[in-house]
Amino acid sequence: MLPRSILVIDFFCKYSVKHVKPIYFTTTGLPVRQLGIYHICGNDLSSLGLAKIVEKYHKICQKNTVIWARCLTDEAKKKESGLEKSVSGNVEEIIKAPVSPKKRKRVDLAAVSLERNFITPVRAMTDFLLKPSDLEGLRKTKRRSPYENEPPITVFWRKDVESKAMEVWGSKESLDRALRLKEAERRRHQQNIFDVKRRLKDYRREKQLEEDKESRKSGLWGPSGRVVLTAIVINGSNFLFKLFAWLYTGSHSMFSECIHSLADTINQLILAFGVHKSVQRADSDHPYGYSNMKYVASLISGVGIFCVGTGLSLYHGITGLLHPAPLESFYWAFFILGGSLVSEGATLLVAVNSIKKGAKESNMQFWEYVLRGQDPSVNVVLMEDLAAVFGVGVAGVCMGLATHYGSAIPDAVGSLLVGGILGGVASFIIYTNVAALVGRSIPQERLDKINSELEADVMIRAIHDVKGIDIGNCLVRYKAEMDFDGRELTRSYLDKQDLNVLLEEVKEMKNIEELEGFLLKHGENIVDMMGGEIDRIELKLRKKHPEIRHCDLEIL
(Lines of atoms letter the chains of each structure in order from A; the text may use other names.)
(Lines give C-alpha, C1' and ligand atoms only; values in the text may rest on other atoms or scores of the structure.)
Protein backbone atom coordinates (compact mmCIF):
# COMPACT_ATOMS: atom_id res chain seq x y z
CA MET A 1 0.00 0.00 0.00
CA LEU A 2 1.24 3.53 -0.72
CA PRO A 3 1.66 5.90 2.18
CA ARG A 4 -0.56 8.91 1.92
CA SER A 5 1.36 12.12 1.14
CA ILE A 6 0.59 14.81 3.66
CA LEU A 7 2.60 17.56 2.08
CA VAL A 8 0.86 20.87 2.64
CA ILE A 9 2.46 24.15 1.63
CA ASP A 10 1.21 27.11 3.54
CA PHE A 11 1.92 29.72 0.92
CA PHE A 12 -0.98 28.52 -1.28
CA CYS A 13 -3.33 30.21 1.08
CA LYS A 14 -1.20 33.34 1.08
CA TYR A 15 -0.56 33.85 -2.62
CA SER A 16 -3.92 33.09 -4.25
CA VAL A 17 -3.15 29.92 -6.24
CA LYS A 18 -5.76 29.63 -8.98
CA HIS A 19 -5.82 26.06 -10.33
CA VAL A 20 -3.92 22.80 -10.61
CA LYS A 21 -2.74 20.88 -13.67
CA PRO A 22 -0.81 17.55 -13.61
CA ILE A 23 2.54 17.71 -15.43
CA TYR A 24 4.22 14.47 -14.48
CA PHE A 25 3.01 10.83 -14.13
CA THR A 26 4.70 7.59 -13.34
CA THR A 27 3.58 4.29 -14.89
CA THR A 28 4.51 1.63 -12.38
CA GLY A 29 1.07 -0.02 -12.67
CA LEU A 30 0.15 0.88 -9.10
CA PRO A 31 -2.67 3.22 -8.10
CA VAL A 32 -1.77 6.83 -8.75
CA ARG A 33 -1.10 8.88 -5.60
CA GLN A 34 -0.97 12.64 -5.37
CA LEU A 35 2.38 13.84 -4.11
CA GLY A 36 1.48 17.36 -3.09
CA ILE A 37 4.57 19.03 -4.62
CA TYR A 38 3.48 22.35 -6.04
CA HIS A 39 5.33 24.39 -8.63
CA ILE A 40 5.09 28.15 -8.13
CA CYS A 41 7.61 29.19 -10.78
CA GLY A 42 5.82 28.22 -13.97
CA ASN A 43 7.24 25.17 -15.81
CA ASP A 44 10.87 25.44 -14.65
CA LEU A 45 11.32 22.68 -12.11
CA SER A 46 15.05 23.23 -11.72
CA SER A 47 14.57 26.81 -10.47
CA LEU A 48 13.24 25.48 -7.15
CA GLY A 49 15.29 22.30 -7.12
CA LEU A 50 12.10 20.27 -7.38
CA ALA A 51 13.65 17.77 -9.76
CA LYS A 52 15.96 16.62 -6.99
CA ILE A 53 13.07 16.48 -4.57
CA VAL A 54 11.09 14.29 -6.97
CA GLU A 55 14.09 12.00 -7.46
CA LYS A 56 14.52 11.77 -3.69
CA TYR A 57 10.81 11.04 -3.25
CA HIS A 58 11.05 8.12 -5.68
CA LYS A 59 13.89 6.64 -3.70
CA ILE A 60 11.87 6.93 -0.49
CA CYS A 61 8.49 5.48 -1.46
CA GLN A 62 9.00 3.89 -4.89
CA LYS A 63 5.36 4.54 -5.71
CA ASN A 64 3.35 6.36 -8.33
CA THR A 65 3.93 10.06 -8.37
CA VAL A 66 1.95 13.00 -9.68
CA ILE A 67 3.47 16.45 -9.67
CA TRP A 68 0.99 19.29 -9.91
CA ALA A 69 1.79 22.74 -11.32
CA ARG A 70 -0.07 25.81 -10.16
CA CYS A 71 -0.52 29.07 -12.01
CA LEU A 72 0.14 32.05 -9.76
CA THR A 73 -1.16 35.56 -9.66
CA ASP A 74 1.13 38.48 -10.46
CA GLU A 75 1.63 39.10 -6.75
CA ALA A 76 2.90 35.58 -6.27
CA LYS A 77 5.30 35.87 -9.22
CA LYS A 78 6.90 39.03 -7.75
CA LYS A 79 7.78 37.15 -4.61
CA GLU A 80 8.81 33.86 -6.22
CA SER A 81 12.50 34.50 -5.95
CA GLY A 82 12.22 34.93 -2.20
CA LEU A 83 10.24 31.78 -1.83
CA GLU A 84 12.47 29.39 -3.75
CA LYS A 85 14.65 28.40 -0.85
CA SER A 86 11.82 28.23 1.66
CA VAL A 87 9.70 26.06 -0.60
CA SER A 88 12.59 23.69 -1.29
CA GLY A 89 13.38 23.42 2.35
CA ASN A 90 9.80 22.87 3.36
CA VAL A 91 9.33 20.14 0.79
CA GLU A 92 12.47 18.28 1.86
CA GLU A 93 11.44 18.46 5.48
CA ILE A 94 7.96 17.14 4.76
CA ILE A 95 9.26 14.28 2.58
CA LYS A 96 11.61 13.23 5.32
CA ALA A 97 8.82 13.39 7.83
CA PRO A 98 7.16 10.04 8.73
CA VAL A 99 3.99 9.31 6.78
CA SER A 100 1.15 7.41 8.45
CA PRO A 101 -0.32 4.69 6.17
CA LYS A 102 -4.02 4.87 5.36
CA LYS A 103 -6.13 1.76 5.55
CA ARG A 104 -7.56 0.69 2.17
CA LYS A 105 -11.31 0.55 2.07
CA ARG A 106 -12.33 -2.99 1.24
CA VAL A 107 -15.37 -4.05 -0.75
CA ASP A 108 -18.29 -4.98 1.46
CA LEU A 109 -20.13 -7.72 -0.37
CA ALA A 110 -22.98 -7.63 2.14
CA ALA A 111 -23.73 -3.97 1.49
CA VAL A 112 -26.71 -2.99 -0.66
CA SER A 113 -26.29 -0.13 -3.10
CA LEU A 114 -28.12 0.95 -6.23
CA GLU A 115 -26.16 4.14 -6.82
CA ARG A 116 -24.23 2.85 -9.83
CA ASN A 117 -26.88 0.53 -11.25
CA PHE A 118 -28.18 0.78 -14.81
CA ILE A 119 -31.76 0.29 -15.97
CA THR A 120 -33.22 -0.30 -19.42
CA PRO A 121 -35.86 2.02 -20.92
CA VAL A 122 -38.52 -0.72 -20.84
CA ARG A 123 -37.93 -1.40 -17.17
CA ALA A 124 -37.88 2.32 -16.40
CA MET A 125 -41.34 2.67 -17.94
CA THR A 126 -42.62 -0.53 -16.28
CA ASP A 127 -41.22 -0.19 -12.76
CA PHE A 128 -41.47 3.59 -12.45
CA LEU A 129 -44.43 4.27 -14.80
CA LEU A 130 -42.52 6.83 -16.83
CA LYS A 131 -43.29 7.84 -20.39
CA PRO A 132 -40.70 7.86 -23.20
CA SER A 133 -40.81 11.65 -23.11
CA ASP A 134 -39.81 11.59 -19.42
CA LEU A 135 -36.60 9.71 -20.28
CA GLU A 136 -35.39 12.08 -22.98
CA GLY A 137 -33.35 14.39 -20.74
CA LEU A 138 -31.74 11.68 -18.58
CA ARG A 139 -28.15 10.49 -18.84
CA LYS A 140 -27.77 7.32 -20.87
CA THR A 141 -24.96 5.07 -21.98
CA LYS A 142 -24.33 2.02 -24.13
CA ARG A 143 -23.77 -1.42 -22.61
CA ARG A 144 -23.05 -4.79 -24.11
CA SER A 145 -26.21 -6.61 -25.11
CA PRO A 146 -27.09 -9.74 -23.11
CA TYR A 147 -28.03 -11.44 -26.38
CA GLU A 148 -25.43 -12.91 -28.68
CA ASN A 149 -24.71 -11.10 -31.97
CA GLU A 150 -26.87 -8.14 -30.95
CA PRO A 151 -25.80 -4.45 -30.93
CA PRO A 152 -25.21 -2.65 -27.61
CA ILE A 153 -28.25 -1.58 -25.67
CA THR A 154 -29.06 1.86 -24.26
CA VAL A 155 -29.39 2.11 -20.47
CA PHE A 156 -30.03 4.88 -17.97
CA TRP A 157 -28.61 5.49 -14.52
CA ARG A 158 -31.04 4.10 -11.99
CA LYS A 159 -30.65 7.00 -9.57
CA ASP A 160 -31.56 9.42 -12.39
CA VAL A 161 -34.64 7.39 -13.23
CA GLU A 162 -35.69 7.27 -9.58
CA SER A 163 -35.26 11.03 -9.27
CA LYS A 164 -37.33 11.58 -12.40
CA ALA A 165 -40.03 9.26 -11.07
CA MET A 166 -40.19 11.25 -7.82
CA GLU A 167 -40.47 14.43 -9.89
CA VAL A 168 -43.30 13.01 -12.00
CA TRP A 169 -45.30 11.27 -9.24
CA GLY A 170 -44.49 13.63 -6.38
CA SER A 171 -43.74 10.97 -3.78
CA LYS A 172 -42.87 7.32 -3.41
CA GLU A 173 -46.29 6.63 -1.91
CA SER A 174 -48.02 7.95 -5.04
CA LEU A 175 -45.77 5.81 -7.24
CA ASP A 176 -46.41 2.70 -5.13
CA ARG A 177 -50.15 3.33 -5.28
CA ALA A 178 -50.04 3.68 -9.07
CA LEU A 179 -47.97 0.49 -9.31
CA ARG A 180 -50.49 -1.41 -7.21
CA LEU A 181 -53.32 -0.20 -9.45
CA LYS A 182 -51.40 -1.24 -12.53
CA GLU A 183 -50.67 -4.66 -11.04
CA ALA A 184 -54.34 -5.14 -10.24
CA GLU A 185 -55.26 -4.15 -13.79
CA ARG A 186 -52.65 -6.58 -15.15
CA ARG A 187 -54.08 -9.40 -13.08
CA ARG A 188 -57.60 -8.61 -14.27
CA HIS A 189 -56.34 -8.61 -17.84
CA GLN A 190 -54.63 -11.96 -17.34
CA GLN A 191 -57.77 -13.37 -15.77
CA ASN A 192 -59.84 -12.15 -18.72
CA ILE A 193 -57.40 -13.77 -21.12
CA PHE A 194 -57.58 -16.99 -19.13
CA ASP A 195 -61.39 -16.90 -19.17
CA VAL A 196 -61.46 -16.28 -22.92
CA LYS A 197 -59.03 -19.13 -23.56
CA ARG A 198 -61.04 -21.46 -21.35
CA ARG A 199 -64.28 -20.56 -23.08
CA LEU A 200 -62.64 -20.95 -26.46
CA LYS A 201 -61.34 -24.35 -25.41
CA ASP A 202 -64.81 -25.38 -24.22
CA TYR A 203 -66.31 -24.11 -27.46
CA ARG A 204 -63.81 -26.08 -29.51
CA ARG A 205 -64.52 -29.18 -27.44
CA GLU A 206 -68.26 -28.79 -27.98
CA LYS A 207 -67.69 -28.12 -31.66
CA GLN A 208 -65.56 -31.24 -31.92
CA LEU A 209 -68.22 -33.29 -30.18
CA GLU A 210 -70.85 -31.97 -32.58
CA GLU A 211 -68.64 -32.75 -35.56
CA ASP A 212 -67.94 -36.24 -34.23
CA LYS A 213 -71.65 -36.76 -33.66
CA GLU A 214 -72.40 -35.54 -37.17
CA SER A 215 -69.63 -37.72 -38.54
CA ARG A 216 -71.07 -40.76 -36.79
CA LYS A 217 -74.49 -39.82 -38.07
CA SER A 218 -73.39 -39.26 -41.67
CA GLY A 219 -70.30 -41.47 -41.98
CA LEU A 220 -69.89 -45.21 -42.32
CA TRP A 221 -71.46 -45.77 -38.89
CA GLY A 222 -74.47 -43.61 -39.69
CA PRO A 223 -77.72 -44.88 -41.25
CA SER A 224 -76.43 -44.65 -44.83
CA GLY A 225 -73.09 -46.22 -43.98
CA ARG A 226 -74.68 -49.15 -42.14
CA VAL A 227 -76.93 -49.87 -45.12
CA VAL A 228 -73.94 -49.85 -47.48
CA LEU A 229 -71.82 -52.08 -45.21
CA THR A 230 -74.69 -54.55 -44.87
CA ALA A 231 -75.10 -54.65 -48.64
CA ILE A 232 -71.35 -55.27 -49.13
CA VAL A 233 -71.40 -58.31 -46.83
CA ILE A 234 -74.56 -59.83 -48.34
CA ASN A 235 -73.67 -59.18 -52.00
CA GLY A 236 -70.15 -60.49 -51.47
CA SER A 237 -71.56 -63.74 -50.05
CA ASN A 238 -74.08 -64.00 -52.91
CA PHE A 239 -71.32 -63.55 -55.46
CA LEU A 240 -69.36 -66.49 -54.03
CA PHE A 241 -72.39 -68.78 -53.97
CA LYS A 242 -73.49 -67.79 -57.50
CA LEU A 243 -69.99 -68.26 -58.80
CA PHE A 244 -69.98 -71.81 -57.43
CA ALA A 245 -73.43 -72.49 -58.98
CA TRP A 246 -72.38 -71.15 -62.40
CA LEU A 247 -69.20 -73.24 -62.40
CA TYR A 248 -71.30 -76.30 -61.51
CA THR A 249 -74.18 -75.77 -63.97
CA GLY A 250 -72.80 -73.54 -66.75
CA SER A 251 -76.14 -71.65 -66.86
CA HIS A 252 -76.17 -68.33 -68.74
CA SER A 253 -78.73 -66.87 -66.33
CA MET A 254 -76.62 -67.95 -63.37
CA PHE A 255 -73.59 -66.34 -64.97
CA SER A 256 -75.53 -63.10 -65.32
CA GLU A 257 -76.55 -63.25 -61.67
CA CYS A 258 -72.95 -63.96 -60.67
CA ILE A 259 -71.74 -60.92 -62.61
CA HIS A 260 -74.61 -58.92 -61.16
CA SER A 261 -73.55 -59.71 -57.57
CA LEU A 262 -69.90 -59.00 -58.35
CA ALA A 263 -70.82 -55.60 -59.83
CA ASP A 264 -73.00 -54.82 -56.82
CA THR A 265 -70.19 -55.69 -54.39
CA ILE A 266 -67.60 -53.54 -56.19
CA ASN A 267 -69.99 -50.63 -56.57
CA GLN A 268 -70.95 -50.73 -52.93
CA LEU A 269 -67.28 -50.64 -51.96
CA ILE A 270 -67.05 -47.46 -54.02
CA LEU A 271 -70.13 -46.15 -52.22
CA ALA A 272 -68.53 -46.89 -48.85
CA PHE A 273 -65.52 -44.82 -49.85
CA GLY A 274 -67.81 -41.98 -50.95
CA VAL A 275 -69.73 -42.06 -47.64
CA HIS A 276 -66.49 -41.98 -45.67
CA LYS A 277 -65.04 -39.14 -47.74
CA SER A 278 -68.21 -37.04 -47.66
CA VAL A 279 -67.82 -36.22 -43.95
CA GLN A 280 -64.22 -35.02 -44.29
CA ARG A 281 -63.63 -31.51 -43.01
CA ALA A 282 -63.41 -28.58 -45.39
CA ASP A 283 -59.93 -27.30 -46.19
CA SER A 284 -58.32 -24.53 -48.24
CA ASP A 285 -58.60 -26.54 -51.45
CA HIS A 286 -62.25 -27.49 -50.84
CA PRO A 287 -63.76 -24.70 -48.70
CA TYR A 288 -67.29 -26.13 -49.05
CA GLY A 289 -66.25 -29.60 -47.92
CA TYR A 290 -66.53 -33.02 -49.56
CA SER A 291 -70.25 -33.68 -49.17
CA ASN A 292 -70.64 -34.21 -52.93
CA MET A 293 -68.40 -37.29 -52.77
CA LYS A 294 -71.55 -39.35 -52.17
CA TYR A 295 -72.89 -38.28 -55.55
CA VAL A 296 -69.55 -38.86 -57.24
CA ALA A 297 -69.29 -42.38 -55.81
CA SER A 298 -72.90 -43.14 -56.74
CA LEU A 299 -72.27 -41.89 -60.28
CA ILE A 300 -69.22 -44.15 -60.62
CA SER A 301 -71.30 -47.02 -59.25
CA GLY A 302 -74.02 -46.41 -61.81
CA VAL A 303 -71.50 -46.34 -64.64
CA GLY A 304 -69.94 -49.54 -63.31
CA ILE A 305 -73.30 -51.33 -63.23
CA PHE A 306 -74.07 -50.20 -66.75
CA CYS A 307 -70.71 -51.19 -68.23
CA VAL A 308 -69.93 -54.39 -66.32
CA GLY A 309 -73.30 -55.79 -65.28
CA THR A 310 -75.37 -54.83 -68.32
CA GLY A 311 -72.59 -55.38 -70.86
CA LEU A 312 -71.53 -58.85 -69.70
CA SER A 313 -75.11 -60.02 -69.16
CA LEU A 314 -76.15 -58.97 -72.67
CA TYR A 315 -72.98 -60.46 -74.16
CA HIS A 316 -73.52 -63.81 -72.44
CA GLY A 317 -77.20 -63.89 -73.40
CA ILE A 318 -76.49 -63.18 -77.07
CA THR A 319 -73.75 -65.84 -77.07
CA GLY A 320 -76.22 -68.35 -75.61
CA LEU A 321 -78.72 -67.59 -78.35
CA LEU A 322 -76.19 -67.84 -81.15
CA HIS A 323 -74.33 -70.85 -79.79
CA PRO A 324 -76.64 -72.91 -77.54
CA ALA A 325 -74.81 -75.32 -75.24
CA PRO A 326 -76.14 -78.50 -73.62
CA LEU A 327 -77.73 -77.87 -70.22
CA GLU A 328 -76.48 -79.25 -66.92
CA SER A 329 -78.59 -79.97 -63.86
CA PHE A 330 -79.96 -76.81 -62.20
CA TYR A 331 -80.76 -78.55 -58.92
CA TRP A 332 -78.20 -76.75 -56.72
CA ALA A 333 -78.60 -73.54 -58.71
CA PHE A 334 -82.24 -73.25 -57.58
CA PHE A 335 -81.21 -73.52 -53.91
CA ILE A 336 -78.57 -70.81 -54.40
CA LEU A 337 -81.06 -68.54 -56.16
CA GLY A 338 -83.49 -69.03 -53.29
CA GLY A 339 -80.82 -68.08 -50.75
CA SER A 340 -79.90 -65.03 -52.84
CA LEU A 341 -83.54 -64.00 -52.99
CA VAL A 342 -83.78 -64.08 -49.21
CA SER A 343 -80.50 -62.19 -48.65
CA GLU A 344 -81.17 -59.59 -51.34
CA GLY A 345 -84.66 -59.11 -49.96
CA ALA A 346 -83.24 -58.51 -46.48
CA THR A 347 -80.84 -55.85 -47.82
CA LEU A 348 -83.73 -54.29 -49.75
CA LEU A 349 -85.79 -54.02 -46.57
CA VAL A 350 -82.88 -52.34 -44.74
CA ALA A 351 -82.57 -49.78 -47.56
CA VAL A 352 -86.33 -49.17 -47.65
CA ASN A 353 -86.47 -48.53 -43.89
CA SER A 354 -83.52 -46.11 -44.12
CA ILE A 355 -85.18 -44.17 -46.95
CA LYS A 356 -88.50 -44.02 -45.08
CA LYS A 357 -86.75 -42.54 -42.06
CA GLY A 358 -84.89 -39.97 -44.20
CA ALA A 359 -88.05 -39.00 -46.08
CA LYS A 360 -89.91 -38.49 -42.80
CA GLU A 361 -87.15 -36.22 -41.44
CA SER A 362 -87.20 -34.19 -44.67
CA ASN A 363 -91.03 -34.01 -44.80
CA MET A 364 -91.04 -35.67 -48.22
CA GLN A 365 -92.82 -38.59 -49.79
CA PHE A 366 -90.99 -41.89 -50.20
CA TRP A 367 -90.70 -41.80 -53.99
CA GLU A 368 -90.02 -38.07 -54.01
CA TYR A 369 -87.08 -38.71 -51.68
CA VAL A 370 -85.82 -41.46 -54.00
CA LEU A 371 -86.30 -39.52 -57.23
CA ARG A 372 -84.50 -36.46 -55.87
CA GLY A 373 -81.60 -38.61 -54.71
CA GLN A 374 -81.50 -37.04 -51.25
CA ASP A 375 -79.36 -39.91 -49.98
CA PRO A 376 -77.56 -41.20 -53.08
CA SER A 377 -75.74 -44.06 -51.34
CA VAL A 378 -78.92 -45.60 -49.95
CA ASN A 379 -80.66 -44.97 -53.29
CA VAL A 380 -78.01 -47.00 -55.10
CA VAL A 381 -78.35 -49.87 -52.60
CA LEU A 382 -82.14 -49.71 -52.95
CA MET A 383 -82.09 -49.81 -56.75
CA GLU A 384 -79.38 -52.47 -56.91
CA ASP A 385 -81.19 -54.75 -54.47
CA LEU A 386 -84.50 -54.10 -56.18
CA ALA A 387 -82.89 -55.08 -59.47
CA ALA A 388 -81.29 -58.09 -57.77
CA VAL A 389 -84.65 -59.33 -56.45
CA PHE A 390 -86.24 -58.95 -59.87
CA GLY A 391 -83.18 -60.45 -61.50
CA VAL A 392 -83.22 -63.51 -59.22
CA GLY A 393 -86.90 -63.96 -60.00
CA VAL A 394 -86.35 -63.66 -63.76
CA ALA A 395 -83.33 -66.00 -63.67
CA GLY A 396 -85.26 -68.60 -61.66
CA VAL A 397 -88.24 -68.54 -64.04
CA CYS A 398 -86.05 -68.76 -67.15
CA MET A 399 -83.95 -71.59 -65.68
CA GLY A 400 -87.16 -73.43 -64.81
CA LEU A 401 -88.45 -73.03 -68.39
CA ALA A 402 -85.12 -74.21 -69.76
CA THR A 403 -85.27 -77.31 -67.55
CA HIS A 404 -88.92 -77.99 -68.42
CA TYR A 405 -88.43 -77.69 -72.20
CA GLY A 406 -84.86 -78.95 -72.28
CA SER A 407 -83.76 -75.92 -74.31
CA ALA A 408 -81.03 -73.34 -73.63
CA ILE A 409 -83.03 -70.57 -75.31
CA PRO A 410 -85.07 -69.52 -72.20
CA ASP A 411 -81.88 -69.44 -70.16
CA ALA A 412 -80.20 -67.12 -72.68
CA VAL A 413 -83.30 -64.92 -72.79
CA GLY A 414 -83.15 -64.71 -69.00
CA SER A 415 -79.60 -63.39 -69.24
CA LEU A 416 -80.76 -60.69 -71.66
CA LEU A 417 -83.63 -59.71 -69.35
CA VAL A 418 -81.31 -59.44 -66.34
CA GLY A 419 -78.98 -57.28 -68.43
CA GLY A 420 -81.90 -55.03 -69.35
CA ILE A 421 -82.91 -54.64 -65.69
CA LEU A 422 -79.35 -53.69 -64.75
CA GLY A 423 -79.21 -51.19 -67.61
CA GLY A 424 -82.41 -49.49 -66.45
CA VAL A 425 -81.21 -49.26 -62.85
CA ALA A 426 -77.80 -47.91 -63.94
CA SER A 427 -79.43 -45.25 -66.12
CA PHE A 428 -81.61 -44.07 -63.23
CA ILE A 429 -78.63 -43.87 -60.87
CA ILE A 430 -76.56 -41.91 -63.41
CA TYR A 431 -79.38 -39.47 -64.10
CA THR A 432 -80.19 -38.64 -60.45
CA ASN A 433 -76.55 -38.17 -59.43
CA VAL A 434 -75.65 -36.02 -62.42
CA ALA A 435 -78.61 -33.76 -61.58
CA ALA A 436 -77.34 -33.44 -58.01
CA LEU A 437 -73.74 -32.73 -59.04
CA VAL A 438 -74.74 -30.03 -61.52
CA GLY A 439 -76.44 -28.08 -58.72
CA ARG A 440 -80.04 -28.76 -57.80
CA SER A 441 -82.31 -26.36 -55.98
CA ILE A 442 -83.93 -27.35 -52.73
CA PRO A 443 -87.72 -27.87 -52.76
CA GLN A 444 -89.67 -24.66 -53.19
CA GLU A 445 -91.52 -25.15 -49.93
CA ARG A 446 -88.29 -25.21 -47.94
CA LEU A 447 -86.97 -22.20 -49.88
CA ASP A 448 -90.14 -20.20 -49.20
CA LYS A 449 -89.90 -21.02 -45.50
CA ILE A 450 -86.34 -19.69 -45.31
CA ASN A 451 -87.30 -16.59 -47.33
CA SER A 452 -90.22 -15.76 -45.04
CA GLU A 453 -87.93 -16.04 -42.01
CA LEU A 454 -85.44 -13.65 -43.61
CA GLU A 455 -88.02 -11.10 -44.75
CA ALA A 456 -89.55 -10.95 -41.27
CA ASP A 457 -86.43 -9.33 -39.83
CA VAL A 458 -86.88 -5.67 -38.92
CA MET A 459 -83.72 -4.60 -40.74
CA ILE A 460 -84.75 -6.00 -44.15
CA ARG A 461 -87.19 -4.36 -46.54
CA ALA A 462 -87.00 -6.94 -49.36
CA ILE A 463 -84.89 -9.83 -50.66
CA HIS A 464 -83.94 -10.55 -54.25
CA ASP A 465 -82.10 -13.15 -56.33
CA VAL A 466 -82.64 -15.95 -53.82
CA LYS A 467 -80.94 -19.32 -54.39
CA GLY A 468 -80.97 -22.46 -52.27
CA ILE A 469 -78.67 -25.21 -53.53
CA ASP A 470 -78.49 -28.77 -52.20
CA ILE A 471 -74.79 -29.52 -51.64
CA GLY A 472 -75.26 -33.08 -50.38
CA ASN A 473 -75.61 -34.78 -47.00
CA CYS A 474 -78.90 -32.88 -46.59
CA LEU A 475 -76.96 -29.60 -46.44
CA VAL A 476 -77.95 -26.36 -48.16
CA ARG A 477 -76.10 -23.35 -49.49
CA TYR A 478 -78.36 -20.30 -49.29
CA LYS A 479 -77.75 -17.00 -51.10
CA ALA A 480 -79.85 -13.80 -51.16
CA GLU A 481 -79.47 -10.09 -51.88
CA MET A 482 -81.08 -7.86 -49.25
CA ASP A 483 -82.50 -4.35 -49.31
CA PHE A 484 -81.47 -3.03 -45.88
CA ASP A 485 -83.63 -0.49 -44.03
CA GLY A 486 -81.22 2.37 -43.42
CA ARG A 487 -83.54 4.23 -41.07
CA GLU A 488 -83.92 1.25 -38.75
CA LEU A 489 -80.18 0.63 -38.86
CA THR A 490 -79.43 4.26 -37.94
CA ARG A 491 -82.08 4.23 -35.21
CA SER A 492 -80.50 1.10 -33.74
CA TYR A 493 -77.12 2.87 -33.77
CA LEU A 494 -78.52 5.98 -32.09
CA ASP A 495 -80.08 3.82 -29.37
CA LYS A 496 -76.55 3.04 -28.23
CA GLN A 497 -75.40 6.70 -28.23
CA ASP A 498 -75.96 9.61 -25.85
CA LEU A 499 -77.90 12.07 -27.99
CA ASN A 500 -77.21 14.96 -25.63
CA VAL A 501 -73.47 14.45 -26.08
CA LEU A 502 -73.91 14.33 -29.85
CA LEU A 503 -75.93 17.54 -29.73
CA GLU A 504 -73.20 19.32 -27.78
CA GLU A 505 -70.60 18.15 -30.29
CA VAL A 506 -72.67 19.56 -33.15
CA LYS A 507 -73.18 22.89 -31.38
CA GLU A 508 -69.44 23.29 -30.81
CA MET A 509 -68.63 22.88 -34.51
CA LYS A 510 -67.26 26.00 -36.13
CA ASN A 511 -66.39 24.94 -39.67
CA ILE A 512 -67.08 22.36 -42.35
CA GLU A 513 -63.99 20.30 -41.49
CA GLU A 514 -65.28 19.56 -38.00
CA LEU A 515 -68.70 18.61 -39.39
CA GLU A 516 -67.09 16.34 -41.97
CA GLY A 517 -65.02 14.58 -39.30
CA PHE A 518 -68.13 14.08 -37.18
CA LEU A 519 -70.09 12.54 -40.06
CA LEU A 520 -67.18 10.34 -41.16
CA LYS A 521 -66.73 8.92 -37.68
CA HIS A 522 -70.37 8.01 -37.15
CA GLY A 523 -70.83 6.88 -40.76
CA GLU A 524 -68.02 4.36 -40.34
CA ASN A 525 -69.56 3.15 -37.09
CA ILE A 526 -72.91 2.61 -38.81
CA VAL A 527 -71.27 0.58 -41.60
CA ASP A 528 -69.54 -1.58 -39.00
CA MET A 529 -72.86 -2.06 -37.28
CA MET A 530 -74.37 -3.22 -40.58
CA GLY A 531 -71.82 -6.04 -40.72
CA GLY A 532 -72.79 -7.06 -37.20
CA GLU A 533 -76.47 -7.10 -38.17
CA ILE A 534 -75.74 -9.37 -41.15
CA ASP A 535 -73.89 -11.78 -38.84
CA ARG A 536 -76.88 -11.74 -36.48
CA ILE A 537 -79.31 -12.55 -39.30
CA GLU A 538 -77.12 -15.40 -40.60
CA LEU A 539 -76.88 -16.87 -37.11
CA LYS A 540 -80.65 -16.69 -36.70
CA LEU A 541 -81.23 -18.48 -40.02
CA ARG A 542 -78.79 -21.25 -39.15
CA LYS A 543 -80.38 -21.71 -35.75
CA LYS A 544 -83.88 -22.16 -37.17
CA HIS A 545 -82.73 -24.06 -40.27
CA PRO A 546 -79.76 -26.24 -39.27
CA GLU A 547 -79.47 -27.65 -42.80
CA ILE A 548 -78.06 -24.30 -44.01
CA ARG A 549 -74.32 -24.85 -43.96
CA HIS A 550 -73.26 -21.79 -46.02
CA CYS A 551 -75.27 -18.56 -45.91
CA ASP A 552 -74.27 -15.78 -48.34
CA LEU A 553 -76.19 -12.53 -47.70
CA GLU A 554 -75.35 -9.53 -49.86
CA ILE A 555 -76.42 -5.89 -49.56
CA LEU A 556 -78.05 -4.19 -52.55
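Counting starts with 1 at the first residue shown.
Backbone N, Cα and C define each Cβ position, glycine as well.
Beyond the ends of the coiled coil (172-213), by six or more residues, the same chain brings 127-129, 165-166, 281 to within a C-beta distance below 8 angstroms of the stretch. Per TrEMBL, coiled coil is recorded for 172-213.
Residues annotated as transmembrane segment in TrEMBL: 227-248 (among others). Within its own chain, the transmembrane segment (227-248) has Cβ neighbours under 8 Å at 220, 254-255, 257-258, 261-262, 264-265, 268-269, 271-272, 275, 328, 332-333, 336-337, 339-340, 343-344, 346-347, 350-351, 354, 377-378, 381, 384-385, 388, counting only residues six or more beyond its boundaries.
Among the features that TrEMBL reports, domain 'Cation efflux protein transmembrane' is placed at 229-438.
Here TrEMBL flags 295-318 (among others) as transmembrane segment. Long-range Cβ contacts of the transmembrane segment (295-318) within its own chain (Cβ-Cβ under 8 Å, at least 6 residues beyond either end) map to 252, 255-256, 259-260, 262-264, 266-268, 270-271, 273-275, 277, 373, 376-377, 379-380, 384, 412-416, 418-420, 422-423, 425-430, 432-434, 436-437, 472.
What TrEMBL lists as transmembrane segment is 330-352 (among others).
Annotated transmembrane segment per TrEMBL: 386-406 (among others), in sequence order. Sequence-distant contacts of the transmembrane segment (386-406) (same chain, at least 6 residues past either end, Cβ-Cβ under 8 Å): 235, 238, 251, 253-254, 256-257, 260-261, 264, 327, 330, 333-334, 337-338, 340-341, 344-345, 348, 413-415, 417-418, 421-422, 424-425.
Only residues 6 or more beyond the boundaries of the transmembrane segment (412-439), in the same chain, are considered here, and those with a CB under 8 A from a CB of the stretch are 252-253, 255-257, 260, 263, 292, 295-296, 298-299, 301-303, 305-306, 309-314, 316-321, 324, 371-373, 376, 379-380, 383-384, 386-387, 390-391, 394-395, 397-399, 402, 469-470, 472. Sequence annotations record features per position, and here TrEMBL assigns transmembrane segment to 412-439 (among others).
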